[in-house]
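Annotated in TrEMBL:
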- 1-32: region 'Disordered' (REGION)
- 19-32: compositional bias 'Low complexity' (COMPBIAS)
- 187-290: domain 'Copper amine oxidase N3-terminal' (DOMAIN)
- 316-725: domain 'Copper amine oxidase catalytic' (DOMAIN)
- ASP394: active site, proton acceptor (ACT_SITE)
- TYR478: 2',4',5'-topaquinone (MOD_RES)
- TYR478: active site, schiff-base intermediate with substrate (ACT_SITE)
- 729-755: region 'Disordered' (REGION)
- 746-755: compositional bias 'Polar residues' (COMPBIAS)
Amino acid sequence: MATAQEKTTPCCATGTNKPSSSVPPQQQQRPSVATFIPAIDSPPKTASAKGITVMVRAQTSHPLDPLSAAEISVAVATVRAAGATPEVRDGMRFIEVDLVEPEKQVVALADAYFFPPFQPSLLPRTKGGPVIPTKLPLRKARLVVYNKKSNETSIWIVELREVHAATRGGHHRGKVVSSTVVPDVQPPMDAVEYAECEAVVKDFPPFREAMKKRGIEDMDLVMVDPWCAGYHSEADAPSRRLAKPLIFCRTESDCPMENGYARPVEGIHVLVDMQNMVVLEFEDRKLVPLPPADPLRNYTSGETRGGVDRSDVKPLQIIQPEGPSFRVNGRFIEWQKWNFRIGFTPREGLVIHSVAYIDGSRGRRPVAHRLSFVEMVVPYGDPNDPHYRKNAFDAGEDGLGKNAHSLKKGCDCLGYIKYFDAHVTNFYGGVETIENCVCLHEEDHGILWKHQDWRTGLAEVRRSRRLTVSFICTVANYEYGFFWHFYQDGKIEAEVKLTGILSLGALQPGETRKYGTTIAPGLYAPVHQHFFVARMDMAVDCKPGEAFNQVVEVNVKIEEPGDNNVHNNAFYAEEKLLKSELEAMRDCDPLSARHWIVRNTRTVNRTGHLTGYKLVPGSNCLPLAGSEAKFLRRAAFLKHSLWVTPYAPDEMHPGGEFPNQNPRVGEGLATWVKQNRSLEEADIVLWYVFGVTHIPRLEDWPVMPVERIGFMLMPHGFFNCSPAIDVPPNPGDLDDKESNGLPAKPNQNGLIAKL
């Protein structure tokens, strides 16, 4: 991923990532730099004043930077060249090409000595100073490859030895480190497959005849949305690559903004072999008339639908005449004592790395290693066909990052914007760039803190602003916006915004459905839920290599009546240490104000208590489907709001890496926690599952206004006093006096103030 304004082609340094075999016993707990990164070249002769050997030339690609377009091309060319036969090479289709994220100690080395702002404090001190290698380890790419001819899925690891700005004619300088065939799985679907599937279904004679019965002969009006088959019985086993499309039909072929989702085609069953692109099963089960053309169906501006747009909205300008308060160096962001790195993957989309807070004399204080949304599941509550099988795994079956938008200033984002591009592979191995994919900007957020002394009438107020990093993706009919907000008082907010178009069903004349809302004649919206999984690799006050975190659950308890509660008004907060993985399978409980605190077991604040960050749930829900629902075989992680595991580099996807057509029960998170590993002092990973139950309203048609859900990570005994007092009053704030009717004008700070 490169910035939109400055697109560069990183060069990879050469090196090795093998740990040293000779580790002194006294260094095993906190290894030196030389332990995990042996010197690759002869150490340079220059040294710093403190005796620490320094590098001889700068590195141009941080170990956590997403793969560049050139690196993706090299990785694809390397794998393709490694195919055993021309047939194998010809059948290769590239699902994902992603960075192999290095060990945390490698990242610490890069941040300490190779990349600004140069933070040697990240590494443990060793006697005589560490020996710093002249180059970082080689970057690696991980490729998920589907072979269309053999129906095999394989995972390749490629070492990127040399990367050129352009890769031509198969020229490459990568090295295959490993290649593994993964049996009995189906990888995510690709947009190319979706387009091919739509064409195949439209050309199928029985389908054309079924549409003719419904009064449709123009196939250009027909929309075929290929949904993954899921897993409902052995017929859905991953030995075949399957899709069960949903059918919709527009009314006007010459209207590019026509809302085709307004006319679902019910009663047609189609099963498509996505490997060979043939229709395996077709049945016209029930003739349901197409819903009439609702004049309100389209989501374009009012004038295009025979109405008018609002004319009383005056311009609202957000200006920063002196520029933004954040600083960007490549993908390293600094803002209001926060610093972190921006990453991106085809599956998760936006990733936040190495989150830390600069706290005065205490210096850099880590909060989290890695933050991202790793999965989402959308199960529908209508038992009728085809809605019972709608339970999309939008990350694992499609990819949130691959479906991301190019954002537009003034529409998706306002103010002074810093955009970042993203590079992903297409089905055939070519590189596609999503321009302006990730948005970084500041937002005013009202009052941070205020108090007025009633005796003197004097008031103190602090204005709040936040730094927002976000991206938006479209999966079929729905849009999802994923946001990470950083606040001046040390809070981090994770937020998901849901919008787009409802997935609908058709009704017989006079029919209503118990499991949905009638929103137009012959049209209803089924009830459904949206679940999201945030994976948070925490590091509260922990340097790389340290595992000094634990998780405490806090519940508010009512004091029993008696000597300690003679007035029956007493309640208190009770803490419980979650000692193991099985003990840490927890649910939200708003009646007890339940929340969880990640604490450092070795660091205390000025009151002598352990420092920590707490996870505060927002609105939430659990699956409303029965315990034997088929989709819960693949989504056992939805059964609890919180899961906690010790960090393991291969534990990334809560439903397993390949949930598409997955017949295995409880794969992923629900299986990992059966090890019941200790959490009393560990490198903690939080998995927070949060969701919303959507009972559609008439007002959700034809567009569904944004609905917001999320949670907070808040400092809890982390700071010795509130960071809010360090935020100066904003000299450009409007005063509290009433306007005297004179026009406003910019003050010396470029902000608008009343005269």
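Using the three backbone atoms N, Cα and C, a Cβ is placed for every residue, glycine included.
In sequence order, MET376, VAL377, VAL378, LEU400, VAL475, TYR480 make up the list of same-chain residues 6 or more apart from ASP394 (active site, proton acceptor) whose Cβ falls under 8 Å from its Cβ. Helix, strand and coil counts from DSSP across the domain 'Copper amine oxidase N3-terminal' (187-290) read 30 helix, 26 strand, 48 coil. Long-range neighbours of TYR478 (2',4',5'-topaquinone) (same chain, six or more residues apart, CB within less than 8 Å of its CB): VAL378, LEU498, THR499, GLY500, ILE501, SER503.
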